[in-house]
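Sequence annotations record features per position, and here TrEMBL assigns active site, nucleophile to CYS80. The active site feature in TrEMBL is assigned to HIS189, GLU191. For 5-205, the entry in TrEMBL reads domain 'Glutamine amidotransferase'.
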Amino acid sequence: MAVCVLDYHKGNLMSVARALDRSGADVVVSDDPGVAAASDGLVIPGVGAFADAMGYMEASGQAEAVAHARARGVPILGICLGMQLFCSRGREGGEGWRPGLGFLPGGCTRLESSRLKVPHVGWDELDLTPLGRACPLLAGVGEGSHMYFTHSYALDDGCDPDVVCAKTHYARSFPSVVWKGNVFGCQFHPEKSSGAGRPILENFVALVKGGLPL
């Protein structure tokens, strides 16, 4: 069962690939839309600008491949920028709004604070919602677990509360884990979150292998 780590030229691919490999996945890192569309599981990692990422994914055919994988029911995990790209629109790295993949309603906007440093870098906790307590991705992840974040943008209030599994509070309250059907997203980096993040990747691999129900 192959898990494709999608290379859309936005960083930290190998750390994610190594963490998935340690979690029992058969990992392939590829920028080929055909490989992504045919994979058994798809991980969209990345750091960087929303507009640049979407521009590359659309021009390369990757956006269409991700949509195809979603329609097939393939488990998909977005990490950091990867999760933000699931939104209908985002502002980062361009003028005005830029359309996203459109899997989730709402937008991705900058964290603003006169008191706290932005970007938000470091360990912060998850405030689980009732959906989060039932989410297969979060099996074994306790209330208040601390994960490693590094970001300046996050999903905004337009995100459907019915898909929010956890929130984190920094500058504002924002969704830090989302789940809709076969699509999962983490604003933090599970691959950089040591033992706290390991169950998330192990659960995702189990979903790909059919060991956990969607």
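Including glycine, each Cβ sits where the backbone N, Cα and C put it.
All annotation found in TrEMBL is predicted automatically rather than curated by experts.
Here the structure is a predicted model, which means the values were calculated and not measured.
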Fewest Cβ neighbours within 10 Å, where candidates are the active-site residues CYS80, HIS189, GLU191: HIS189
Euclidean distance between Cα atoms of CYS80 (active site, nucleophile) and GLU191 (active site), Å: 11
Local confidence of the domain 'Glutamine amidotransferase' (5-205) - pLDDT mean: 95
C-alpha spacing of HIS189 (active site) relative to the residue listed as 'active site, nucleophile', in angstrom: 7
